[in-house]
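Engineer: In case it helps, TrEMBL gives these features for our protein:
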BINDING   387, 392, 553, 554, 603  L-glutamate binding site
DISULFID  616-671  disulfide bond
SITE      532  site 'Crucial to convey clamshell closure to channel opening'
TRANSMEM  431-450  transmembrane segment
TRANSMEM  503-522  transmembrane segment
TRANSMEM  693-714  transmembrane segment
């Protein structure tokens, strides 16, 4: 017990009691991961086992059932170096919504160096303790000398920081020096021994000579209590602050800083704790992590991308040329990468993403595709049709958008069938036309019979009864005139004939009205290019299926949308998983194969490009459903981001981006441009729609001329035989007679 009473600590009490106070200060929930000190021993096997335990048990088991954006609090009770390794492995390997993670490091881990160049530290939130305040003058003077020492002779020296253990050791030696200095000033010989090393109380000095007997428990040093008393009376300034001790040898009136690193700030002081005042919050001045603008000119940067027209495709060799390196590719993004590399003065190498994906976060928080390669730092830049989203920007950084776009609707383009010559007959079926013809013949026959044998149709003249011009003479002419709603010089005079005419006229009235109405309906249907013209049209029907790229940015847009129409569309798609496609090529082929029964929700640039490629059978309908952009992605903290931003803005202002877009979208179009006035003439009848009636008119005129010529020749020949003259002479005389009769009339 006496030995314990003589124990004096410079470190102070930083245990679970203080951790609990910190927890009550800044946290609500926590998971305590206690890593034994043995985990940091040189035995690699033990250390690896502990790391594997963290990765498997802690991250995947404890957080597997948690929501992605739910805050997660973790306490790491381990050495600072091991805590740093755990955080780096978490950021690089697990990436489970890591911005929602908040680590609390026990001990004085924040006195250890946390390199700001290690961007993984800026991907999560970290809170820890610090006892060495570098803003104090005493510490600044010490660190100035500390940085000038040779690290070979003084391990840990040569840098502008000192660990907590080293600082506490320095302060402990300083306290001993101060205590002994005061003791010797007061009584210079109080440590002198008696004869043969024996003390007056019978104790003997302990020597370090070989063979010394250290067995047993020797009595305490007779001056030990005096030395402890001098140490407890020491009051001085050290690296760890003001040093004072209580009567029982515990340090008191000391201060520990609470430090925090966040995704938006470097290491800053947010609070302080002392054994007398407890916790005191301090308005934190958050400092944006420095962006290192040094770009390595002698390095080849890796650009990850994905094959997709017209952004990046394989270039077809010409005239037997051999393509290698970046020359194997061409496309909009290839030209964009060339111009950015030229502006930044760097070399780059294009590598296709291994899994052919843009980048999505799975249920375990791991990213795939190009985003995953940037997170794992397997690539330096991603240049492709990569949509800027808040979810992706949690783990990578985007440049200013180099292309603006939105979600659009791609549908199958209906084929425009040219109206046939007899398209005017389409309002009525062939059966009806045939029945109308037979009705016309039947009515004509009935009119002939009724009028022929009815006395009312005959006229009494001086030379007898005649039926000169009446229905009975030409009933077919009367029926035809009524059918085409034209008048004639004859009409039935008998009651029976008028009954026949009346029912025929009623029949014609209904027939013409039905024809006119049906003709207008057919024209309206023909003008409807597609029944889908907007997202609201898609949401309001179920006949036409629609889908998106599986788990892409468009997929996430509909999943999280709160708008009624978009939410309804998501419910429709989610209930039919087969509508989602793995690649845009698969979705475009499905639109073409379904021929109007499937619509693809796709980014507008890809929609416009596809509509300009053969077989030219797809089209964009409606307006864009949202507004977003494609950006160039880099890892968090990349020195390239700022320079790429400037390059993109410069190209946008100079019109270079518009030139590249025209080169790959407009100039390379394989489909003829739509007629400018096509939309304006949809309500007009084209010649092809009514060509049949013109053909019938021309045919009728030709037939009439032919019949007139035949009749004239027949009458001329008949007159020649009657007058015993030549056909030519008879024709001449007949023409003279016709002329005279016309003049008389």
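Any Cβ shown, glycine's included, is placed from N, Cα and C.
Help me see these features in their spatial surroundings.
Structural biologist: Other Cβ atoms within 10 Å of the Cβ of residue 554 (L-glutamate binding site) number 22 in total over all chains.
Sequence-distant neighbours of residue 671 (disulfide bond) (same chain, 6+ residues apart, CB-CB distance under 8 A): 611, 612, 613, 614, 616. Residue 671 (disulfide bond) falls outside any helix or strand according to DSSP and counts as coil.
Taking Cβ-Cβ distances under 8 Å and a sequence separation of 6 or more, the neighbours of residue 532 (site 'Crucial to convey clamshell closure to channel opening') in its chain are 409, 411, 538, 541, 544, 599, 621, 622.
Same-chain residues lying 6 or more positions outside the transmembrane segment (431-450) and placing a CB less than 8 Å from one of its CB atoms are 425, 471-472, 475-476, 478-480, 483, 492, 494, 496-497, 500-501, 504, 507, 511.
Tertiary neighbourhood of the transmembrane segment (503-522): same-chain residues 424, 426-428, 436, 439, 443, 479, 482-483, 485, selected by CB-CB distance under 8 Å and a gap of 6+ residues from either end.
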Engineer: Hey, does DSSP put residue 532 (site 'Crucial to convey clamshell closure to channel opening') in a helix, a strand, or just coil?
Structural biologist: coil
Engineer: Greatest CA-CA distance (Å) over the residues 387, 392, 553, 554, 603 that the record ties to L-glutamate?
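Structural biologist: Across 387, 392, 553, 554, 603, the two farthest Cα atoms sit 17 Å apart.
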Engineer: Starting from the Cβ of residue 553 (L-glutamate binding site), draw a 10 Å sphere and report how many other Cβ atoms land inside it.
Structural biologist: 22
Engineer: Would you mind listing, in sequence order, the residues at least six apart from residue 603 (L-glutamate binding site) in the same chain with a Cβ closer than 8 Å to its Cβ?
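Structural biologist: Non-local contacts for residue 603 (L-glutamate binding site): 385, 387, 405, 406, 407, 408, 554.
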Engineer: So, three-state DSSP: helix, strand or coil for residue 616 (disulfide bond)?
Structural biologist: coil
Engineer: What is the Cβ neighbour count of residue 387 (L-glutamate binding site) at a 10 Å cut-off, with all protein chains included?
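Structural biologist: A count of 22.
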Engineer: What same-chain residues, at least 6 away in sequence, bring their CB to under 8 Å of the CB of residue 392 (L-glutamate binding site)?
Structural biologist: 359, 371, 386, 398, 633
Engineer: Applying the rule Cβ within 8 Å of the centroid of the Cβ atoms of 387, 392, 553, 554, 603, what extra residues of the same chain belong around the L-glutamate site?
Structural biologist: 358, 386, 388, 389, 552, 556, 557, 628
Engineer: Helix, strand or coil by DSSP: which one applies to residue 603 (L-glutamate binding site)?
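Structural biologist: Once the DSSP labels are grouped into three classes, residue 603 (L-glutamate binding site) ends up as strand.
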